[in-house]
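K.L.:
Can you keep this structure in mind? I'll have questions shortly.
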Amino acid sequence: MNPYILATLLFGLGLGTTITFASSHWLFAWMGLEINTLAIIPLMAQSHHPRAVEATTKYFLAQATAAAMLLFASISNAWLSGQWDIHQMSHPLPTTLITLALALKIGLAPLHTWMPEVLQGLDLTTGLILSTWQKLAPFCLLLQVQPANATLLLMLGITSTLVGGWGGLNQTQLRKILAYSSIAHLGWMILVLQFSPSLTFLTLLVYFIMTFSLFISFKISNATNINTLATSWAKAPALTSIIPLILLSLGGLPPLTGFLPKWLILQELTKQDLAPLATVAALSALLSLFFYLRLSYAMTLTMTPNNLTATLPWRLPSLQTTLPLAIASSATICLLPLAPATAALFTW
């Protein structure tokens, strides 16, 4: 892609998100979301592969439906209450509709079905943008919609954690596994959204760091399915030893960074007398942990059943910069000792 066009599209992505961040009026927020969507669509379809075009079309239809629902709900709110302010949602009908529209935008279950299919059709770099940056603007609006429907948020959250764990069990394609992982993590964030918005922000931040590490690792090792992972030890031995730690951090195992948000969320849910919900969320994390362990096992403890001349690629020096990966993977693995300071910052 022409660098000038690429710069324009990336500027559009940043501008759309910034407009949504800065807006207190529903029309401006909707406009920011639309700029965001229109900026990423050419990035998704740039390879001109039929699979990428199909994924782009599915993404556009899902986002257009969510945007139309959001606009309808905000107009309904203006009609019922006479104001467009995001912070003063008084009627339950537009509040519920807006929550569902934003859930469709970020891919919360049961409105998640577009997410694995779209991510599977994209390259890893665009998939990274879709899994991280594109979540920021809708999450910003979800944090501002108060008072939200508490039961709806809890139902969306627990359904997402279960679907995200259950859906990834029988997948062999890494991008679909990452999509279900994203759905499960978003469910954890939504569970605690109304009780502790700062804890939701912390979970989102940690999720971004871990997902960035994993996407960049797969991009460097050029892996798209589990079979490719089994031969990655020949290409990048050091990276092969780090990726299982990143995966286990995503699964939430101590003493890795991913344990921190899950631990604080379970603690907060227990404080709110929601111990049964916390138990179901913790059990759903085991489902996710299973497919992370499956990937780790495929990488480190198995060899492909082919003759070595066919499977061993040459260990050529990588031309890609690895400094961002080094920083992100260090943060993914080593930040748990900062838990007291983090808790003091984010759980006031």
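Cβ coordinates are placed from backbone N, Cα and C, and glycine is handled just like the others.
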K.L.:
Among 92-115, 116-139, indicate the range for which TrEMBL gives the feature transmembrane segment.
P.N.:
92-115
K.L.:
Suppose you had to name the range TrEMBL annotates as transmembrane segment; which of 11-30, 151-170 would you pick?
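P.N.:
Transmembrane segment, as annotated by TrEMBL, spans 151-170.
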K.L.:
Report the mean pLDDT of the predicted model across the domain 'NADH dehydrogenase subunit 2 C-terminal' (289-341), rounded to a whole number.
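P.N.:
Mean pLDDT for the domain 'NADH dehydrogenase subunit 2 C-terminal' (289-341): 76.
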